[in-house]
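*Asks:* Next up is a structure, given as structure tokens.
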Ligand SMILES: *Cc1c(COP(=O)(O)O)cnc(C)c1O
């Protein structure tokens with residue numbers, strides 16, 4: 001593969017024009033949109049408008065006049081088609097961690113008589129921590145965490161399990177689980193399923209309704225580009241909505257929040273999953289960021305994501321100097337999300353040196369160098385330049401310099 005091939009790939013890219021909708025810093029190759037999505041230009045003007053016009057001039061009237069009160073549902077409905085959900089099942093609120101607390105509680109109540117929550121050993125830690133916290137609160141008679149290796153999930157789907165809690169794309173390796181098959185197998189044993197879509201929503205086609213999923217959560221600040229600390233979202237299948245309950249019964253989830261009744265009565269809709277007042281500025285940013293998806297076909301996003309990663313792998317393999325980088329992701333693109341993980345003894349320092357040279361990747365303990373591909377704004381030329389910089393950092397041993405070996409608070 002040579003540079004002409006790269007140019008040809010960018011020329012043929014149907015998503016190429018989307019890059020102009022993002023405000024990307026000069027001289028930077030951003031391969032970390034799987035951790036924090038880049039800034040859509042539309043977000044800048046929207047946030048400025050919300051702050052100065054809506055908040056500044058219209059003050060409290062904006063809850064009605066600028067529909068602040070509808071933001072959680074409005075944003076939820078914009079996310080719904082991206083994850084294969086019909087109307088009335090997705091709402092934007094809180095963080096993934098808090099939403100997991102609500103959904104785990106709901107699922108355990110629905111599946112009374114069973115207490116085990118099955119998850120994977122290397123799931124994203126917050127998912128496991130939330131189960132542990134709930135277990136401490138309720139006691140192990142009502143909630144206990146059971147962990148298995150990712151490849152043994154199927155064998156452990158037994159009829160004493162209440163809830164299967166899985167992240168569709170492994171945050172370290174990028175391994176993509178089969179949502180349809182695992183959901184179906186779990187249902188056969190009476191197990192309810194919660195999928196974490198943190199690394200799937202906006203990265204690949206997700207079909208929650210088609211797969212008959214019970215519950216899901218996902219992230220606003222990764223592939224959906226809502227900005228740092230952007231609110232998350234949750235999904236509850238329509239068929240469960242009249243039966244479910246969740247314990248964070250704040251006033252926004254009340255059937256009539258503005259009746260100020262002393263007695264809690266949950267909303268009949270997905271709105272019962274709201275808790276307190278939405279973060280209007282942050283939710284407005286996500287709302288504007290989601291407009292970028294208008295007219296985008298997720299199948300195009302997936303095809304380009306696979307192509308970008310395949311080119312990256314091919315280029316890494318073509319450089320003998322990168323032989324010490326071991327691909328921890330599968331080579332089989334069908335079983336991969338939109339990121340690649342390589343292990344290396346000096347992964348942390350290599351990552352720091354890359355960042356200094358303008359290639360932003362990230363490091364995940366203990367020894368993983370992670371590259372994320374965001375097809376709306378990553379080009380094939382970015383991939384070409386990133387691999388060349390990597391070659392440079394490794395062959396010159398730039399990473400060995402002491403300044404690249406100091407860890408910051410966030411890695
Ligand atoms: C990023 C991520 C989270 C983040 O959770 P928050 O509570 O929103 O901070 C959760 N789960 C997975 C799998 C993630 O990748």
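Just so you know, glycine gets a Cβ as well, placed from its N, Cα and C.
Quantities reported herein were computed from a predicted structural model and do not represent experimental measurements.
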*Asks:* Per TrEMBL, which of 28, 73, 277, 330 sits in the pyridoxal 5'-phosphate site along with 96, 97, 124, 125, 126, 127, 167, 196, 199, 221, 251?
*Replies:* 277
*Asks:* Among the binding-site residues 126, 167, which residue has the fewest other Cβ atoms within 10 Å of its own Cβ?
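*Replies:* Per-residue Cβ counts within 10 Å for the binding-site residues 126, 167 bottom out at 126.
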*Asks:* Assuming the binding residues for pyridoxal 5'-phosphate are exactly those in the record, 96, 97, 124, 125, 126, 127, 167, 196, 199, 221, 251, 277, what is the maximum CA-CA distance in angstrom, rounded?
*Replies:* 31
*Asks:* Could you list the residues of the same chain, at least six apart in sequence, whose Cβ is under 8 A from the Cβ of residue 222 (N6-(pyridoxal phosphate)lysine)?
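*Replies:* Sequence-distant Cβ neighbours: 33, 34, 35, 36, 37, 198, 199, 201, 202, 203.
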*Asks:* Determine, from DSSP, whether residue 167 (pyridoxal 5'-phosphate binding site) sits in helix, strand or coil.
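*Replies:* DSSP call for residue 167 (pyridoxal 5'-phosphate binding site): strand.
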